[in-house]
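Undergrad: Before anything else, here's the structure in question.
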Amino acid sequence: MVTTLDNALLNDILQQVRPLIGQGKVADYIPALAEVPANKLGIAVCTLDGQIFQAGDADERFSIQSISKVLSLTLALSRYSEQDIWQRVGKEPSGQPFNSLVQLELEKGKPRNPFINLGALVVCDMLQSRLSAPKQRLLEVVRQLVKDDSISYDPRVARSEFEHSDRNAAIAYLMKSFGNFDNDVLTVLQTYFHYCAMRMSCVELARCFVYLANQGRSISGSESLITPMQARQINALMITSGMYDGAGEFAFRVGMPGKSGVGGGIIAIVPDEFCIAVWSPELDHAGNSLAGTAALERLAQQMGRSIF
């Protein structure tokens, strides 16, 4: 029996997964993230016409981290030809940790996909080349999508990440040695870490990313960020590469394109219907929200939704 989407359903799902809190681990390699209370839990759904359903801590903002990689790729697709992007970044799953250097060396500086650190750094490098103020431009895009000018970066998180950026800097310099990085490394790292340090709530994330369920168009339908084909391509990349080394498990359990961040957020797309955003800071072994993934799995089951 397929269940109707409403706030009561979302509340019920959160109660089902709340016992999982305590079984994961909050990201601690970024000190500012380690301070987030582990018991936070929220979910929100935004339909194509802008209707919002929500439960739990869905209005509380948190660091979106790698979810921002979808936004930076979207922005790059509006500024570059697809050929220009995909000759510098691949479309394949990595099978390696998100910040691994080994594969990059073997494959001569071309990252496997835009949703690992390596690929996202190349995308940020491309944005740095085309935009006079890439940090401000991404903020403007998000504020316009969400219709909220108070969305901002957390300077403390950005600074904390920059202070622990040796590995990402090494990645960028290695790509530079292969001719796949054009701008000053530290400047691009500042942009990249600010993107990761954007703060949004589940409600805001669901509103923001509904364009991926709406063939590249914003909620009103009046503005196309990307083409319908590009929206499908981003969704395809999220299925194969959006959940670090847990993409196969997520596709198996949830059956939706998804992108996670180590802040505990996940977005998931049901094409032509809605976008879901969940948040629970404790992560599983792959770096994905443990309770958040379980909540999406239950929602998919109870509503009978899957792209497969």
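Glycine too: its Cβ is placed from the backbone N, Cα and C atoms.
Okay, so Swiss-Prot annotates it like this:
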type    : residues                                              : note
BINDING : Ser66, Asn117, Glu161, Asn168, Tyr192, Tyr244, Val262 : substrate binding site
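Could you place the listed features in the three-dimensional structure?
TA: Ser66 (substrate binding site) has a Cβ environment of 23 other Cβ atoms inside 10 Å.
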Undergrad: Widest Cα span across the substrate binders Ser66, Asn117, Glu161, Asn168, Tyr192, Tyr244, Val262, in Å?
TA: 19
Undergrad: Using a 10 angstroms cut-off on Cβ to Cβ distances, just flag whichever of Tyr192, Tyr244 is the loneliest among these binding-site residues.
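TA: Counting other Cβ atoms within 10 Å of each of the binding-site residues Tyr192, Tyr244 gives the minimum at Tyr244.
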Undergrad: Non-local Cβ contacts of Glu161 (substrate binding site) (under 8 Å, 6 or more apart, same chain)?
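TA: When sequence neighbours closer than 6 are ignored, Glu161 (substrate binding site) has Ile30, Phe193, Cys196, Ala197 within Cβ distance under 8 Å.
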